[in-house]
Amino acid sequence: MTNWQQQLPLTDTQKNELDKSVLRYLNWNYKQTVRHEHAQDYESVRHAIVTLSGFLLQESVDRQEFISNNDTSNESMVDIDELLLPKKWNSIVRLQKKIIELEQNTETLVSQIKDLNTQVSELAQFKPTTSNGTSAHNVLKWIPRNLPSCLINVESSVTSVKLHPNLPIVFVATDHGKLYAFDLFNYTIPLASLQSHTKAITSMDVLFTNFTNSSKKNYLVVVTASKDLQIHVFKWVSEECKFQQIRSLLGHEHIVSAVKIWQKNNDVHIASCSRDQTVKIWDFHNGWSLKTFQPHSQWVRSIDVLGDYIISGSHDTTLRLTHWPSGNGLSVGTGHEFPIEKVKFIHFIEDSPEIRFRTPSTDRYKNWGMQYCVSASRDRTIKIWEIPLPTLMAHRAPIPNPTDSNFRCVLTFKGHLSWVRDISIRGQYLFSCADDKSVRCWDLNTGQCLHVWEKLHTGFVNCLDLDVDFDSNVTPRQMMVTGGLDCKSNVFMR
């Protein structure tokens, strides 16, 4: 046996069948391209193929069969195996593609099984301390699995998503100005839908009121901001599953970029920011504008509120802290290279000294109620800042600290490949989404990226939401929802 026969991974029978298939394909190919236009050339080619068959086909019966099947005098004879080789080739390509898909699906399923096994192990170690029988500490350690539990489709790109604080309902706002409510256990048809604005909704926030006055009934409030320069306030009527508009807030002179609603005692306020460079504070009960101030020289893109303080991020690449009742600007953060898309306070949580940034470092910060904030930017980074303490005086509004009025960047997260659109903090994890079509989970303690979801959306990921971990009125659940330019919203549940 020669060396080439030893290297060929075929038996003699398989080699013979392959040779016949090659010869038949060559014969068919030249019949199509040469025979009718250049008969003389075809005869010479056919003669060469017949000669080649003498070398390749070992059995005389096979050679005679090949020659007779390619006899030009018999026009009616058709060799059904002439295209056997290209058919097999095409089948192999399809099979290889199918194998790759099956391997990917298998890998995903194996990952899900590992996640479920981990969850079972964690559940076996849980010490129930909450009303739903789940350890609050372990709830905050939850990282969503690779694939969503359900997928919600709407008519246009999703611009904002919010989870109901207590019920399995997600609110979805779109670029066409529509507002939806979906039941997470039956999401094929929305519970309610409303054309709330004439242009795109840019931001949405929700609050379940907690009035101590028995004469006021508690309910969920949904607030939306839009490119139509308006802010709309809705009451979610759970019994009828519908949005009931309470009022509209008018006053901004350009696109309203973001909106926040919060409650302090029995007072409910709404904050909004706009491309008109202003931030406004509204009274929820009567719709009056209580305060207007201009913290930035360009478009104010994002705000967050904690008590009497507002943090704002702007197109001018800075973020600023303002005491909203007085309008006093207290401190500024510089370090981003491009506009800031999102800002948030990092709230303190009790009994978690092991989590970085969630516990005050000094008693002064503890008494003040805040110390850190986070910002996401178009420069593809996320930064955590330490906020300098202002000068606090009894019975007076705080003023800037004359010796320290600049934020200090203490940690930078790098990994996204495009604009970072939204962020959310839960326990020791920071979740972010970006225009690179990915969602990432970061560890606050180490700054490392722990997990990446790369194929949730086919376009930009515009927004995400998780249950907050600092509000006792919010049921501690393990849920995350994302919204994207592809008109889809992914929901993760444990």
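Using N, Cα and C of the backbone, Cβ positions are placed for all residues, glycine too.
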Segment assigned the feature coiled coil in Swiss-Prot (from 56-89, 90-123, 124-157): 90-123
Secondary structure composition of the repeat 'WD 5' (347-395) [DSSP: H/G/I, E/B, coil]: 6 helix, 13 strand, 30 coil
The repeat 'WD 7' (457-492), counted residue by residue under DSSP: helix, strand, coil: 0 helix, 17 strand, 19 coil
